[in-house]
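Take a look at the structure below.
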Amino acid sequence: MARLRAIVLSLCVVLGLLSGQSAAGRYYSDKVQDKVRKEVEKAMAYNPSVGAALVRLVFHDCWINGCDGSVLLDKTPTDGTNVEKKAVNNIGLAGFEVIDTIKQKVGAAASCADILVFAGRDAADILSGGKIFYTLAGGRKDGVVSSASAADATLPHSTFDFTQLQNNFAAAGHGFTVEELVVLSGAHSIGVAHLSSYQDRLDGATATPIDSDYQAALNKTTPLDLLKKGQDPAVPNNPRDASAAFQKDAAYDPVALGVSPARGVLDNSYYHNNLENKVLFKSDWVLRTDGFAAGKLQEYRDNATEWNSDFADAMVKLSGLPAQGKNLEIRKNCRFTNQQYYY
């Protein structure tokens with residue numbers, strides 16, 4: 001009974017984020033998208049952290065050979081089990097069970113690739129309190145190839161410098177501008193990161209500029225020695241979402257920074273944090289080393305409405321990257337190609 005009350009309370013919190021919308025959330029005339037929405041709402045009510053995971057899945061799928069659901073595969077005829085999920089740069093990916101549940105509901109009426117981008121869109125809508133919303137059409141097909149090595153070769157690394165980031169986003173198959181790079185980086189206002197992804201920021205002698213109090217709090221919470229012990233703990237991407245004790249150690253006061261203290265919200269707080277050197281990744285901080293990108297950081301810090309709109313536009317573009325490859329299909333099960341699937 002206590003667990004049921006907790007779930008109901010969590011559902012009320014999630015639905016409460018849908019400011020300006022009906023208590024039951026957003027509705028779609030398209031039956032597939034409406035089913036996706038209902039399942040995302042239920043999943044986030046049960047586990048609020050899955051929302052950030054669903055948003056992240058969109059980038060990590062579509063950046064590799066377009067939006068083809070390849071990140072969902074457990075194995076393929078050509079790659080075996082060495083699939084994108086196993087990539088180093090895909091550490092901590094989650095939300096797969098939500099996609100599985102939705103697929104069971106919609107069946108052959110939608111591809112896994114469609115389900116993934118619809119779910120990411122709805123998660124962003126909920127996490128932003130209805131301030132980030134965009135429409136998407138269906139019609140994507142599912143790929144039959146999924147390679148861990150291809151994912152690691154294609155996804156941007158947390159240790160990239162600005163030129164590497166710029167080239168990665170502008171590359172063929174992507175075609176994203178520096179402005180869109182800065183826009184999409186704002187998704188780091190939610191979610192978590194593993195120590196192995198920001199370990200380079202903890203060495204005081206070699207780290208790219210990082211606020212000393214924030215660095216000390218990270219070293220206290222996730223000391224580098226943990227990696228030697230085979231441990232790779234995660235912390236919130238956003239110090240706003242950290243514990244009160246961590247915020248005290250990091251000298252982080254969201255209200256003083258002009259950031260809403262509401263935890264887990266997809267908003268422009270990332271830009272406030274970056275301009276205070278309180279971001280986890282080198283690839284976040286290096287945006288400050290380019291004049292145009294640094295100007296956009298300040299612009300989005302000062303204009304949340306503009307960032308909300310630009311983020312929605314960038315997600316539409318990301319969700320529209322066409323699937324590359326042959327033998328595209330609509331999978332029966334999102335974890336296996338149809339060739340491997342057995343009833």
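The backbone N, Cα and C atoms fix where each Cβ goes, glycine too.
Just so it is clear, the model here is predicted, and its values are computed rather than measured.
In TrEMBL, the cysteine linked to Cys62 by a disulfide bond, out of Cys67, Cys112, is Cys67. Long-range neighbours of His60 (active site, proton acceptor) (same chain, six or more residues apart, CB within less than 8 Å of its CB): Val71, Glu84, Asn90, Leu93, Ala151, Leu155.
Within 8 Å of the centroid defined by the CB atoms of Asp61, Gly66, Asp68, Ser70, Glu84, the record's Ca(2+) 1 site, lie the Cβ atoms of Cys62, Ile64, Asn65, Cys67, Gly69, Val71, Ala113, Gly143, Ser146, Ala323, excluding the listed residues themselves. Annotation: Asp61 carries the greatest number of neighbouring Cβ atoms among the binding-site residues Asp61, Asp267 [cut-off 10 Å, Cβ to Cβ]. Using CA atoms as reference points, the recorded positions Arg56, Gly66, Ser70 were checked against Asp249 (Ca(2+) 2 binding site), and the closest is Arg56.
The number of other CB atoms found within 10 A of the CB of Asp68 (Ca(2+) 1 binding site), across every protein chain shown, is 29. Straight-line distance linking the Cα atoms of Pro156 (substrate binding site) and Ser70 (Ca(2+) 1 binding site), rounded to a whole number, equals 17 Å. All protein chains considered, the CB of Pro156 (substrate binding site) has 19 other CB atoms within 10 Å.
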